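Asker: According to Swiss-Prot, the protein carries these features:
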TOPO_DOM  1-24  topological domain 'Lumenal'
TRANSMEM  25-45  transmembrane segment
TOPO_DOM  46-56  topological domain 'Cytoplasmic'
TRANSMEM  57-77  transmembrane segment
TOPO_DOM  78-115  topological domain 'Lumenal'
BINDING   R79, R168  substrate binding site
CARBOHYD  N92  N-linked glycosylation site
ACT_SITE  H115  active site, proton donor
TRANSMEM  116-136  transmembrane segment
TOPO_DOM  137-146  topological domain 'Cytoplasmic'
TRANSMEM  147-167  transmembrane segment
TRANSMEM  169-189  transmembrane segment
ACT_SITE  H174  active site, nucleophile
TOPO_DOM  190-211  topological domain 'Cytoplasmic'
TRANSMEM  212-232  transmembrane segment
TOPO_DOM  233-261  topological domain 'Lumenal'
TRANSMEM  262-282  transmembrane segment
TOPO_DOM  283-293  topological domain 'Cytoplasmic'
TRANSMEM  294-314  transmembrane segment
TOPO_DOM  315-318  topological domain 'Lumenal'
TRANSMEM  319-339  transmembrane segment
TOPO_DOM  340-355  topological domain 'Cytoplasmic'
MOTIF     352-355  motif 'Prevents secretion from ER'
Amino acid sequence: MDFLHRNGVLIIQHLQKDYRAYYTFLNFMSNVGDPRNIFFIYFPLCFQFNQTVGTKMIWVAVIGDWLNLIFKWILFGHRPYWWVQETQIYPNHSSPCLEQFPTTCETGPGSPSGHAMGASCVWYVMVTAALSHTVCGMDKFSITLHRLTWSFLWSVFWLIQISVCISRVFIATHFPHQVILGVIGGMLVAEAFEHTPGIQTASLGTYLKTNLFLFLFAVGFYLLLRVLNIDLLWSVPIAKKWCANPDWIHIDTTPFAGLVRNLGVLFGLGFAINSEMFLLSCRGGNNYTLSFRLLCALTSLTILQLYHFLQIPTHEEHLFYVLSFCKSASIPLTVVAFIPYSVHMLMKQSGKKSQ
C-alpha cells in the first residue's frame, strides 16, 4: 500500500500546485458528489418526474453508502492529509506538505471514496433510466439518434465522475485508488438494482425489515470487532490530530452519522410510499400532468433547502444521531407524501372554483 500512497501523494501535490486556480470548480464538483445532495437535490427532482427512478435512487444510494461503510471498516484506508504525518517512509521527518481545505478533514476511513461511490450510483441510475426511456417506441429512423444520445449521456457520466474524483484527490481527502474503487463500487451497486424490480412494490414491512437488518448488521459487525480489540473508530482521533483547523472537523462525517442518515431516509421512504397521503395524490387526475410535477419538484427543492437552516446540536453525540435520523426520515415524507398531497388538494380546490 505504501507504493499507492506515496505515488498518490505525488499526484495530489501536482494537482494542488498546477491546478490551484481551479479550486472553485473542483470544490463545486466535490459538492456534486456529496451523498447528502442525493436526498436534497437528485431524489426530489427524479421522484416527482418518475417515481420508479426516484425510488430506485434511494435504494441504490442507501445500500451503496451502507456497503461503503462496511468496506471502509474492513479496508482501514488512510486519508492523505493524515497519512503523510503518520507514515515512517519519509526519511528525516521530511513529510510532503499537502494543503488542506474546509472540506478536507473527514473523519472516517478513506477507502473506498463515499463521494465517488455516491456520484457513480445516482448518475448511473439516471443515465440508464434516460436511455431506457429513449428505447421505448424506437424505430429504425431513431436508432442513430439513440446511439448519439447513448454516447452523449455516458460521456457526461464519465466527465462528472472524473471531475468528482479529481476534486476529492485535490483536497487531499482521498488517494487516487480510493476514488477509483468508489466509482466501480457505485456502478456495481446501481447495476445490481437494475435487476431488482421488487423494490418498486415493497411493503412497509419490507422497508422496516431492511432497515433493521442494515442497522443490526452494522452495529453487530462493529461490536464483534470491538470484542476482537479492533477499534473501528480509529480514524476519528487521527483526523482531529492532523486537521489544520479544528473548525473543519464535523460530526456528520463520522461513520455512524452516515449510517443513521441513510437509515432515516429509507425509513421515511417506506412510510411515505405506503401513506394515505401519497395514495390519494396518486389517484388524483392531476398526478400525471406536467404542471403538477413541475410544481411538486420546485416546491420540494425549495422546502428541502430550508432544511439546511435546521442546525442539529452536536454537543451530545447520541442526541445528534436521534435528531439526524428524524431529520433524514422527514425528507422523503415531505417529497413523497406531504408536498404531492398538498399540491393535489390545492389544484383540486382551484379546479372546483373555476367550474
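Every residue, even glycine, has its Cβ placed from backbone N, Cα and C.
Remember, predicted model here, so these are calculated numbers, not experimental data.
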Asker: Roughly how many angstrom lie between the C-alpha atoms of H115 (active site, proton donor) and R168 (substrate binding site)?
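Answerer: So the alpha carbons of H115 (active site, proton donor) and R168 (substrate binding site) sit roughly 8 Å from each other.
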Asker: Could you state the CA-to-CA distance between H174 (active site, nucleophile) and R168 (substrate binding site) to the nearest Å?
Answerer: 6
Asker: Which ones in the same chain are close to R79 (substrate binding site), with CB under 8 Å and 6+ residues apart in sequence?
Answerer: E106, P109, G110, A172, T173, H174, F175, S235, A239
Asker: Between the transmembrane segment (169-189) and the transmembrane segment (57-77), are there three or more CB pairs that fall under 8 A, provided the residues in each pair are separated by 6 or more in sequence?
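Answerer: Output yes: the transmembrane segment (57-77) sits against the transmembrane segment (169-189).
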Asker: How does the topological domain 'Cytoplasmic' (190-211) divide up by DSSP, counting helix, then strand, then coil residues?
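Answerer: The counts are 17 helix, 0 strand, 5 coil.
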Asker: Near the topological domain 'Lumenal' (78-115), which same-chain residues lie under 8 Å Cβ to Cβ, leaving out any that are not at least 6 residues past its ends?
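Answerer: For the topological domain 'Lumenal' (78-115), the nonlocal Cβ contacts are 2, 5-6, 8-9, 12-13, 16, 23, 27, 30, 33-35, 65, 68-69, 71-72, 164-165, 168, 171-175, 177-179, 181-183, 185, 235-236, 238-245, 248-250, 253-255, 258.
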Asker: Within 10 Å of the Cβ of H115 (active site, proton donor), how many other Cβ atoms can be counted across all chains shown?
Answerer: 28
Asker: Counting only residues 6 or more past its boundaries, what in the same chain has a CB within less than 8 Å of a CB in the transmembrane segment (294-314)?
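Answerer: Residues packing against the transmembrane segment (294-314) from afar: 39-41, 44-45, 48-49, 250-251, 320, 323-324, 327, 331, 334-335, 339-340, 342-343.
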Asker: Which residues of the same chain, at least 6 past either end of the topological domain 'Lumenal' (1-24), have a Cβ under 8 Å from a Cβ in it?
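Answerer: Same-chain contacts beyond the flanks: 78, 80, 83-84, 87, 89, 96, 98-99, 101, 166, 169-170, 172, 175-177.
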Asker: Cβ under 8 Å to the topological domain 'Cytoplasmic' (190-211), counting only same-chain residues 6 or more beyond its ends: which ones?
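Answerer: Distant Cβ neighbours of the topological domain 'Cytoplasmic' (190-211) are 52, 55-56, 59-60, 63-64, 120-122, 124-125, 128, 263, 266-267, 269-271, 273-274.
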Asker: What same-chain residues, at least 6 away in sequence, bring their CB to under 8 Å of the CB of R168 (substrate binding site)?
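Answerer: Counting only residues 6 or more apart in sequence, the Cβ neighbours of R168 (substrate binding site) under 8 Å are S30, G33, S113, H115, A116, H174, V179.
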Asker: Short question: most Cβ pairs under 8 Å with the transmembrane segment (262-282), which of 116-136, 147-167, 319-339?
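Answerer: So the stretch in question is 319-339.
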